[in-house]
Amino acid sequence: MVTIGNAHDDLIHDAVLDYYGRRLATCSSDKTIKIFEIDGENQRLVETLIGHEGPVWQVAWAHPKFGVILASCSYDGKVLIWKEDNGVWNKVAEHSVHQASVNSVSWAPHEYGPVLLCASSDGKISIVEFKDGGALEPIVIQGHAIGVNAASWAPISLPDNTRRFVSGGCDNLVKIWRYDDAAKTFIEEEAFQGHSDWVRDVAWSPSRLSKSYIATASQDRTVLIWTKDGKSNKWEKQPLTKEKFPDVCWRASWSLSGNVLAISGGDNKVTLWKENIQGKWESAGEVDQ
C-alpha cells in the first residue's frame, strides 16, 4: 500500500490512479493538484498543478489512447484539462459554463471519444467533447433543482450504443439520462425516489453482465442498489444494509470488474460489499486506513 505523506496543505478530497496504476493524482482544499509517480510502494511527487481558485473536489484521468490527460473540477465553477508532454504538464483547456461549484467530473467510455460529464451546484449538468485540446460546444441540461452532487456514465451498451448516465442531487432524486439523436441532447429517462436527504454520490457499475447496477450514496446514511436485468424495463431497488450507516455516505465506487462495491462515509471507514448468489449484498470487509 502506498501512503502519501503531508503532500497538501489542507484536506485531500480525491486520489485517483491512472489506467496503468503508475501515476496518482490528488486534489485538495489547498486549490492544488499533485501528480505522483508510483513504483511499487514508493512514490515521487513530480508536479503540482496550480490553476483553480477554490477547493478542488475531484480529478479524473482520460483513457491513455487520448494521451496523458487529467480533468479537475473545483468550487470555483471551472473544469480544467491538463496534459503532459515529455514530462511537462500544461493546462490545455478550460470549461467554465457553470455558475457555481462543479462537484464531479468523469470521462465517458473511451469508445465515445474524449467526452467529459460535469455536475454542478447550479443545478446543471454539462457534457463536453474535447478535440485537439479545444472544447467543442457543450450540451448543458437542467439536472436537479437545488444542485447536482454527482454523475456517472453507464458502460457502453450493445447493440444500440445509446449513451446514458446517472445523476444524483440535492432534491434527493436519482435520475437516468439518455442521449436523443433527434434532439441532439440528453433527455430524462427515469427519476427515482428512494433517499430522504441529498444524494451525495452515484456510481454505475462498469460490468456488462446480464444486469445493470447503480449504487447511490446519501446524506440520509443509506446506500441503495438499483438493478435492471435484460428482460425487464423496470429498475428495482434494495438497500445495501438493513441498518443505516453510522454517518453520512459520501462516496460509492465499483471495482473494475463491477462485482465489488466500496462505500466511504463520514465515520472515516471504507467498507466493501459483494452480491451473493441469492442477490443479497454482504460485507466483504473493510479497507484498513
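Backbone N, Cα and C define each Cβ position, glycine as well.
Listed in Swiss-Prot for this protein:
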- 7-37: repeat 'WD 1' (REPEAT)
- 51-83: repeat 'WD 2' (REPEAT)
- 97-131: repeat 'WD 3' (REPEAT)
- 147-178: repeat 'WD 4' (REPEAT)
- 197-227: repeat 'WD 5' (REPEAT)
- 244-274: repeat 'WD 6' (REPEAT)
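Same-chain residues lying 6+ beyond the ends of the repeat 'WD 4' (147-178) with a Cβ under 8 Å from its Cβ atoms: 100, 103-104, 106-109, 111-112, 117-125, 141, 186-208, 212, 214, 216, 218, 220, 224, 226, 235.
Scored by C-beta pairs under 8 angstroms, the repeat 'WD 1' (7-37) has its highest count with 51-83, from the stretches 51-83, 97-131, 244-274. Across the repeat 'WD 3' (97-131), DSSP helix (H, G, I), strand (E, B) and coil residues number 3 helix, 20 strand, 12 coil.
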